[in-house]
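Written below as structure tokens is the structure these notes are about.
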Amino acid sequence: MTWQNDYSRDYEVKNHMECQNRSDKYIWSPHDAYFYKGLSELIVDIDRLIYLSLEKIRKDFVFINLNTDSLTEFINRDNEWLSAVKGKQVVLIAARKSEALANYWYYNSNIRGVVYAGLSRDIRKELAYVINGRFLRKDIKKDKITDREMEIIRMMAQGMLPKSIARIENCSVKTVYTHRRNAEAKLYSKLYKLVQ
């Protein structure tokens, strides 16, 4: 009986993920079925708080889960995923450790807004606020990663050592360590833990 339940559950999860990978889906990451289900239900739940129809949201918006499990992929491929969502209204859902990166992408690309999941007293209102287009630069609640820090984060995510990074960036190894330390303070974590 347990084997059949496990098999059934695996089939259900696999089927759900395949559905999420279709181009008409508006929630990333395809690997997080709980996030997908929870956010889908939350968007339907806040229907009365938003100005747009649910159909327009499904068509024009992309909601991206920036959690610690997916950060490496987003860091290594930020140009790719930003290109893939071009023309869409992108909403980043940021966990505490990814807030500074979310702010970086908000400032440096065409992101509609950021929902800070860790700070939110009422995530429904925050989500509606962003969907309705009211999120502005003044709403940024935390520091953002600088361009130099982001370059160092990218290189470290690729497995490069500080000495190699210093050579490429034409700076001292001490400067690399300083930028890394500053980024870690903004991300509330050691970089090696985030970019494994």
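Even glycines carry a Cβ here, placed using N, Cα and C.
If you take every residue in the domain 'HTH luxR-type' (138-196) and average the pLDDT, you get 91. Swiss-Prot lists 138-196 with the feature domain 'HTH luxR-type', giving sequence analysis as the kind of evidence.
Remote same-chain residues near the DNA-binding region (162-181) are listed as 146, 148-149, 151-152, 155-156, 191 (criterion: CB distance under 8 Å, separation of at least six residues from the stretch ends). If you look up Swiss-Prot, you'll see 162-181 marked as DNA-binding region, on the strength of sequence analysis.
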